[in-house]
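*Asks:* The following feature annotations were taken from TrEMBL:
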type: COMPBIAS; residues: 9-22; note: compositional bias 'Basic and acidic residues'
type: COMPBIAS; residues: 31-43; note: compositional bias 'Polar residues'
type: REGION; residues: 1-43; note: region 'Disordered'
type: REPEAT; residues: 104-125; note: repeat 'ANK'
type: REPEAT; residues: 137-157; note: repeat 'ANK'
Amino acid sequence: MGKKSKSSSSKEKKCSIDKTDDVGDEVVDAASSSNSKKMTMNEQIPPLEVSNEEYEELQSQVEDLSLHEAEMEWMESCRYGDVDVVRALVEKFPSLIHYCTTDNKNTGLHMASANGHVSVVKLLILGHHHPYSKNLAGNTPLHWAAANGQADVVDFLTTQTIVPIDVLAQNEFGRSALTEGFTSQKEQVVKSLLEHDSATEEKLLSTGKEIDHPTDLAEHVHHFFNPQTPLKIRELAMKNADNPFADTDRPDQDTTGLSIWSASLVIARWMQTKQDLWKDKSVLELGSGCGVPGLAIAAATTTCHPRHVYLTDLNPETVKNLQYNIELNQVQDFVTATCMDWSDQTTWPNERVDYLVGSDLIYQKSLVPLLSSVVWGTLKMGGTFFYVAPDTGRDGLDLFVQEMKSKCPGWKETVAPQEYHANPLINEDDEECFLHFQELSSFTYILYEFPLPPTLETKKV
Ligand SMILES: C[S@@+](CC[C@H](N)C(=O)[O-])C[C@H]1O[C@@H](n2cnc3c(N)ncnc32)[C@H](O)[C@@H]1O
């Protein structure tokens with residue numbers, strides 16, 4: 001997958017060879033030689049990357065493979081961008097073009113696209129008309145390329161004319177390639193997607209309406225962290241997938257909390273290291289979304305659990321899902337889900353709490369004063385606010401952090417350790433992890449600890 005580094009074992013594989021020679025512009029595929037004059041540069045089948053002798057050697061290695069071995073090699077070579085191995089394999093086993101994994105229906109094109117191997121993508125589409133299919137989760141190769149910020153692949157897929165693509169086609173979670181592109185924060189990726197014919201304004205406007213009814217929402221229950229006592233979290237498809245953040249004047253329509261953001265998995269792991277803190281204390285999670293950190297705190301231990309955990313959010317659908325997740329984890333005795341609006345004090349809990357937690361809550365500058373006022377208005381003096389966010393790409397985050405640091409002299413800031421980025425799913429399914437939490441392995445997360453001073457004296461509320 002795109003988030004994994006190429007393993008050294010791929011160099012030892014039966015078909016892997018050192019690629020040292022480039023043969024310039026040579027176009028080897030028969031299909032290309034007849035069509036190449038008509039093709040633009042972007043539509044040319046990539047030439048051999050190895051010498052002719054090396055390619056012959058590859059062909060003879062491929063001869064020895066069974067079909068099953070060839071299928072395994074095919075997926076690996078697409079994943080790691082071994083374009084000439086892919087070429088030799090499909091020459092000997094043409095049926096590989098239609099191969100997909102039985103468990104999740106991923107194809108070679110998914111693998112090459114996710115990992116940014118544009119030459120393999122071109123070989124598959126231009127040379128062999130590889131099907132452009134959805135996998136089991138409804139993701140097209142373009143979803144994966146966009147999610148991973150693979151600008152060259154997105155550019156090729158959105159400009160080629162062989163396979164029809166739709167940048168607004170939604171996966172099972174209501175996310176289109178365009179949504180994934182926005183999440184990747186890669187300007188070039190978003191630009192290519194928006195320039196495609198399928199991203200017409202008319203269609204963009206209608207996408208939200210299509211999944212406007214709750215019964216349309218795809219859902220998935222994830223099992224996290226501890227195989228003996230897994231944390232169970234239901235995630236739903238975001239509504240208005242191409243503008244899930246909604247407009248600043250309608251924050252109640254922000255449906256981003258229906259999805260699990262990777263920062264919440266990071267903070268949950270961090271909070272699991274602080275189990276000594278919670279016994280008989282009150283904890284408030286702000287903008288809980290699916291409630292991963294708050295529920296991780298609540299479910300961590302049966303003997304030392306907090307007195308009360310408040311899971312809160314503004315969007316009504318998100319709060320309903322929080323209630324569902326509370327019941328799923330059987331912690332309704334001391335965990336509540338409520339609708340809380342940072343801009344409306346009447347919706348805040350009646351007590352000041354001992355601990356505040358939050359993940360990925362600032363993504364627009366306008367949220368900074370709101371969140372600040374909530375922190376100072378809901379946390380006891382001497383209490384601590386634990387916060388996690390990615391190190392880049394969040395508008396207003398620097399301002400918020402600066403403000404909190406200036407008011408909390410005991411602040412701490414640490415880069416999340418590598419183990420917090422590990423696959424949190426108890427089934428250890430890397431494909432599922434990649435599909436749902438791409439940012440977990442590609443982003444750097446910062447752990448912030450803001451202890452409020454013991455008295456209010458010099459602080460503004
Ligand atoms: C990007 S999501 C993060 C959700 C969750 N913390 C996570 O990491 O998965 C931001 C959350 O903040 C909530 N939010 C935004 N503005 C809010 C407001 N004014 N009051 C309460 N919650 C708000 C949204 O509804 C959403 O659930």
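The backbone N, Cα and C atoms fix where each Cβ goes, and this holds for glycine too.
In the displayed structure, how are the listed features positioned relative to their neighbours?
*Replies:* Tertiary proximity for the repeat 'ANK' (104-125) is limited to same-chain residues at least six positions away from its ends with a CB under 8 Å from its CB atoms, namely 1-2, 29, 43-46, 49, 74-75, 77-83, 86-87, 96-97, 131-137, 139, 141-142, 144-145, 147-148, 150, 152-153, 156-157, 160, 162-163, 431-432, 434.
Using DSSP to sort the residues of the repeat 'ANK' (137-157) gives these counts of helix, strand and coil: 14 helix, 0 strand, 7 coil.
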*Asks:* Quick check on the repeat 'ANK' (104-125): DSSP residue counts for helix, strand, coil, in that order please.
*Replies:* 15 helix, 1 strand, 6 coil
